[in-house]
């Protein structure tokens, strides 16, 4: 799983976790011939070659229809987008974990409608020129707080009736979040508070963020990477899957550090805290 964060998804996260904003557009820096020449050669045959996620310049194989996709994976092929499961309660978490699926683009906007389209839990792939656009979300109506209050009151009444009739609440409580998931939530909260000026976001604010790469169990993936910056691949390193701390013997490189070779019993034991 590649650990390069898509700027397009970062901005999509802002629209999910922040207030309604107007349409935001920014361009990645252009790729020079020198930077492209420094990219490693592809060792596999690709149905379609695209730029790596984020603002990187190196070529990667695009994901095909039905293949898994997400924040840390190559983008989907032309005509496809990365979607979470339709019934998912946490679509963003699925995309961060790379558990989305590449599917055909679905245009849900009615023809000739002036209403803005609501954002779904999809990864919007940047174009090859580096342009990323995030559709606006519909602002809440004036009576939204009242509706929300009524819904909460209805739920409380229903819960009281269920207790009176000694019926258990069918919804099981959420399991305690892991350290990686807690760190992820903190980063998403920071993203939602980024200030946007003139409908453009300062890329430096996005570059400075590190979104932890969590696996489906909530643990840290062995390989963690920073965003691609100015066409250069982000630095990658290996971490303890339980604590997220760097493995002392692993390197910090712009590429795949092959983290499995640095694993030993100590890193796999959650009770052992590695040295700083």
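Just so you know, glycine gets a Cβ as well, placed from its N, Cα and C.
Database features, via Swiss-Prot:
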SIGNAL    1-22  signal peptide
DOMAIN    24-105  domain 'IGFBP N-terminal'
DISULFID  28-55  disulfide bond
DISULFID  31-57  disulfide bond
DISULFID  39-58  disulfide bond
DISULFID  46-61  disulfide bond
DISULFID  69-82  disulfide bond
DISULFID  76-102  disulfide bond
DOMAIN    177-259  domain 'Thyroglobulin type-1'
DISULFID  180-214  disulfide bond
DISULFID  225-236  disulfide bond
DISULFID  238-259  disulfide bond
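Annotated features, which come from Swiss-Prot, shown on the structure.
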| residue | record | contacts (Cβ under 8 Å, 6+ apart) |
| --- | --- | --- |
| 39 | disulfide bond | 57, 58, 59 |
| 61 | disulfide bond | 42, 44, 46, 47, 48, 49, 50, 74 |
| 214 | disulfide bond | 96, 97, 178, 180, 181, 184, 220, 221 |
| 238 | disulfide bond | 222, 223, 224, 246, 247, 250, 257, 259, 262 |
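Between the candidate disulfide-bonded residues, 55, 102, 180, 236, the densest Cβ environment within 10 Å is the one around 55. Per-residue pLDDT, averaged across the domain 'IGFBP N-terminal' (24-105), gives 83.
Taking every protein chain shown into account, 31, 82 are the disulfide-bonded residues, and of these the Cβ with the most other Cβ atoms within 10 Å belongs to 82. Comparing the Cα of residue 225 (disulfide bond) with the Cα of every entry in 55, 69, 76, 82, these being the disulfide-bonded residues, the smallest distance points to 55. Rounded to the nearest whole angstrom, the C-alpha distance between residue 82 (disulfide bond) and residue 76 (disulfide bond) is 7. Checked against residue 31 (disulfide bond) by C-alpha proximity, the disulfide-bonded residues 55, 102, 236 yield 55 as the nearest. Neighbour count (other Cβ atoms within 10 Å of the Cβ, all protein chains): 14 for residue 46 (disulfide bond). The disulfide-bonded residues examined here are 58, 69, 225; by Cβ neighbour count within 10 Å, the least packed of them is 58.
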